[in-house]
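Chemist: Sharing a structure here in structure tokens format.
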């Protein structure tokens, strides 16, 4: 029937094997059961089985302690089981901790009374759960991981230094471009007559000599060396040399010494017409030499 097939479809393999051994197995792996066995909680049988395999051993062999939680130091009273919320993780773990603490406080004096050592001696040797070869592999792996982390950290530092170096380099290039632009603007202003200052040349020279060993200001403070002082004492300074032949606005506007006849080759020449004659060529000079011989 459909109801029988529905009820038999939930049978386990062991039940099918038992039905096959009894000969109650029908074609199609169907077993007709009059009534399924009911499950029951046989507490008496369980207690009887427990009493049968329980061994009456001394406490030092069992080390079982059944106690409630220790008194709460804040409230000075043992916490009630109903007061602990099982959904609250903190309260639940604290109740476990206090219960374990109470068990330790109860068991330690009893162990000391039985002269059972509770602390590991200094020369205690315990066999490792893992072999030395396995621990060596783990040590090598940890060492390789540490080296990889150190390499990655060094690479990060190098990248940061390169980034900082590029930043400094770009700042230096921008500063040089700005100084060059300012100098060109000052030169243009000077050429157009809008400014008569030449301070930008001194700034350019000091900036170009900034990378050399010792700045110009330091060299000026130190003063000339002994050789230079001896020459200055013997020959003197000789006045200003640099920029002595440069034109100024006054010398440019002064045209009192200008002579138009001399400037346009119209003035008298030394030697008269002979001075205007050109030098004879190479062949003519050779002929003249041969005739003279």
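Cβ atoms here come from the backbone N, Cα and C positions, even for glycine.
The structure displayed is predicted, hence computed values, not measured ones.
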Chemist: Match it up for me: which of 141-168, 169-196 does TrEMBL list as region 'Disordered'?
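Modeler: Going through 141-168, 169-196 one by one, TrEMBL gives region 'Disordered' for 141-168.
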Chemist: Need the matching range: TrEMBL marks region 'Disordered' on one of 1-22, 23-44, and I'd like to know which.
Modeler: 1-22
